[in-house]
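Peer 1: I am attaching a structure below and will ask some questions about it afterwards.
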Amino acid sequence: MTRYRDVLELHTGHPASDGAGVRLTRVIGGPSPERFDPFLMLDQFDTQNPDDYVAGFPSHPHRGFETVTYMLEGRMRHEDHLGNRGLLKPGGVQWMTAAHGIIHSEMPEQVEGAMRGFQLWVNLPAKNKLAPAGYRDIEPEDVPRLETAGGVKVTVIAGRFDDGQAQQIGAVERPDTEPHYYDLQLPAGGRIAPRLPDGHRVLLYVYEGSLTVEGERPVEIATNRLARLSEEGELSLRSEAGARVLVLAGKPLHEPIVQYGPFVMNSREEIEQALRDYRDGVLAV
């Protein structure tokens, strides 16, 4: 008998403002971050109004985790203290490992038009929180994409995609949390059953349309809702009218999570050290 992953929780994000006043939806991020371990935060930006994004994210620090920015529409410029410069374009990805520390800015390269995309924060294990920082800019043409026999369009940002018929290695593979990150576009009547490792935390965020998680107790996920699933079993998705959904899966770290603004460590003492290091100019070296 097939065992399916159960929907444990449905979650709705809330309006938020970050950077110099950028308006966004904070899908996850806040109290009880252990529920989403190893994922710390997911922000969605989706606006046609330049006033919502034009101020951008001026220079600011990070320590202790990774950020993944995935752009659907619009253009965003990254610059950091290491001398990295990158222009995020539609379909592109930026994977930044803050680790010991990075100081960077993310500023829009446009004053009109749509700005749509996501930023995901992925935790690092304690042993790697003070490793050297890193940055990778992945051009749209270097992000693997495929279409299944059933007409589902798949963007494989991280990890390995396998639905039993098609396989594809993503743009990024990370050993710490073994993240899988897909953007799926299901047509009307579309179905897909991506294979994900048992033991991985699985999150689904539907950002267009709606879909159903199949199983003994099918659950429909509406637009702009996130589902947290059980860590074992098969995943089967279908959409009657069509949908776009982010699939996030990662190996939980099961370590203490202490966050203060842009710093994510394992203890209050480590947060205080990060604040001192930033004040003394040695956070990002």
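The backbone N, Cα and C atoms fix where each Cβ goes, and this holds for glycine too.
These numbers come from a predicted model, not from an experiment.
The annotation divalent metal cation binding site is assigned in Swiss-Prot to H60, H62, H104, E106.
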Peer 1: Relative to the Cβ of E106 (divalent metal cation binding site), which residues of the same chain, six or more apart in sequence, are found under 8 Å away?
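Peer 2: Set apart from E106 (divalent metal cation binding site) by at least 6 residues yet with Cβ under 8 Å, we have G19, G56, F57, T69, M76, R77, H78.
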Peer 1: Within its own chain, what residues at least 6 apart in sequence put their Cβ under 8 Å from the Cβ of H62 (divalent metal cation binding site), listed in sequence order?
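Peer 2: Non-local contacts for H62 (divalent metal cation binding site): M96, A98, G101, I102, I103, H104, P262, F263.
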Peer 1: At a 10 A cut-off on CB-CB distances, which of the binding-site residues H60, H104 has the highest count?
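Peer 2: The most densely surrounded of these binding-site residues is H104.
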Peer 1: Within 8 Å of the Cβ centre of H60, H62, H104, E106, which other residues of the chain have their Cβ, at the recorded divalent metal cation site?
Peer 2: F57, S59, P61, T67, D80, M96, I102, I103, S105, P262
